[in-house]
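S.K.: First, the structure itself, so that you have it in front of you.
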Amino acid sequence: MKPAFYITTAIDYPNGVPHIGHAYEKIAADALARFKKLDGYEVFFLTGTDEHGLKMAQTAEKQGLTPLEWATKNSTRFKQMDALLGVEYDRFIRTTDQDHVVSSQAIWQRMVEAGDIYLDAYSGWYSVRDEAYYAEEETTVNADGVRLGPQGTPVEWTEEKSYFFRLSAYQDRLLAYYETHPDFIRPESRRNEVVSFVKGGLQDLSISRTTFSWGIPVPGDEEHVMYVWVDALTNYITGVGYPDLASESFKRFWPANLHIIGKDIIRFHAVYWPAFLLSAGLEPPKTVFAHGFIHNRGEKMSKSVGNVIDPFDLANAYGVDALRYFLLREIPFGQDGSYSHEAIVARTNADLANDLGNLAQRSLSMIAKNLGGTLPASGTPAPDDAAILAMADAMASKVREAMEIQQIHQALGAIWSVVAEANRYFAGAAPWELRKTDPERFGTVLWTTAEVVRQVAMLAQPFIPASASKLLDLLAVPAEARTFDRLGEAGRLVGGTALPPPVGVFPRYVEPEAPTAS
Ligand code: ME8
């Protein structure tokens, strides 16, 4: 039986259409999921939308829609984004799904039974936009006399009855958990942040609201709806069958291997979530990985500045794989990064069109032109041939090592360093000269190059799935021979195989012509 691997993304607020930050996270998680699938795991990949809360209700009202209509409209757009970008999830969960309501009420009940939930009154500075209360000292008053929370959003003094979660009781257990599970929070810098936050002391958490009704009712007290984060985090267990602990999927996939989230929501995932799970008698996930933020030319994206980037526009302008490659290669996973037209064009043309595209195109068209499209035999390798082949064979373990610690950019770096070396090899071997002088070595160089391209394309599948698959088609690699157990010797190209006519796989990005002045 295959080992199991359960990976999730954050569930997005469908309070508008998706932006490039949403796309980035889903693409990264997709690459990690595809990698594991190709590497022999049974993968379950969960993503979705987080649809409750006051903000959703308020925006819906402004649009003249019910909250569910508004959520449905935008949730559909998130699904369309996934379809366009090749994000192949196993389930798209919506927190308005009926099974999720059942699951959220079940975990709540378990936390009640554990003695961790009590009713009290709450007052404090509440930000509707952040859906969070702040302490007085976290707020400031701006020049217009408006009080703002730490994220710069307006806060209002609010008093309500509320259920509380006894988070303060979990400080020591959480610290012990971080200590014994060094991989629970990644990257390392985030882990340190979380540990020092928890060491600073934890306050009990207000986890219900009575001032609005767009949420999951608290079991046994319908005047309250759950705080949206209780319901949101629970999606990760609903997705694999909670509360049915005996279900095949729950037994197989919980605890999750990897929650991929952005750096702004690490506290919810690395402090509240494991505390809720421990309270309910469930194991916390194995790893929470926080990625960085994407900025537009170094500037924070915001609707008011008008520099929010639409992933649909980008995919249409540059191509899906060029966009995926750019985001995953350019930004060290875990750090912030920037998007610009120049940077994506540079990556597309240098790495994809020139380096990999030309290598494949030149070698394959030589086979088509001079050998009638039949792959030559491997022949007797000269030291140069053996060296580049050895480098290609060593690539898988480097890529795997990087993916194991979510260093996606390093995985791509390892693949593209083989591409660079293969280009040097090809230029040095000068097959166009060997054709007349040494036909046997001519064949060996072309076979070797094709075999290196095969392994590059195999390992590139998680990142640029459509293009990698086209390359493998050009090498006549059958669909069932594209999993990672066929890397290296196990899947060598065989001389004598008929190859289809080569076509370009990586188009260069050419600037659209500027309209001529008239
Ligand atoms: O936080 N760059 O939803 P969300 C990179 N519903 N990532 C970004 C980003 C940017 N500019 N902006 C946002 C929520 N993100 C909650 C999650 S999970 C149980 C509930 C990331 O739509 C952000 O960090 O505001 C988060 O991981 C995801 O996009 C969804 O953000």
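Any Cβ shown, glycine's included, is placed from N, Cα and C.
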S.K.: Could you tell me which of the ranges 12-22, 89-99, 331-341, 375-385 is annotated in TrEMBL as motif ''HIGH' region'?
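M.R.: Spelled out, TrEMBL records motif ''HIGH' region' over residues 12-22, not the other listed ranges.
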S.K.: According to TrEMBL, motif ''KMSKS' region' applies to one of these ranges: 60-64, 200-204, 300-304, 500-504. Which one is it?
M.R.: 300-304
S.K.: I need to check the long-range neighbours of the motif ''KMSKS' region' (300-304): which residues 6 or more away from its ends have a CB within less than 8 Å of a CB in the stretch?
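M.R.: Beyond its ends, the motif ''KMSKS' region' (300-304) has Cβ neighbours at 16, 19-21, 293-294.
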S.K.: Quick check on the motif ''HIGH' region' (12-22): DSSP residue counts for helix, strand, coil, in that order please.
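M.R.: So the counts come to 3 helix, 1 strand, 7 coil.
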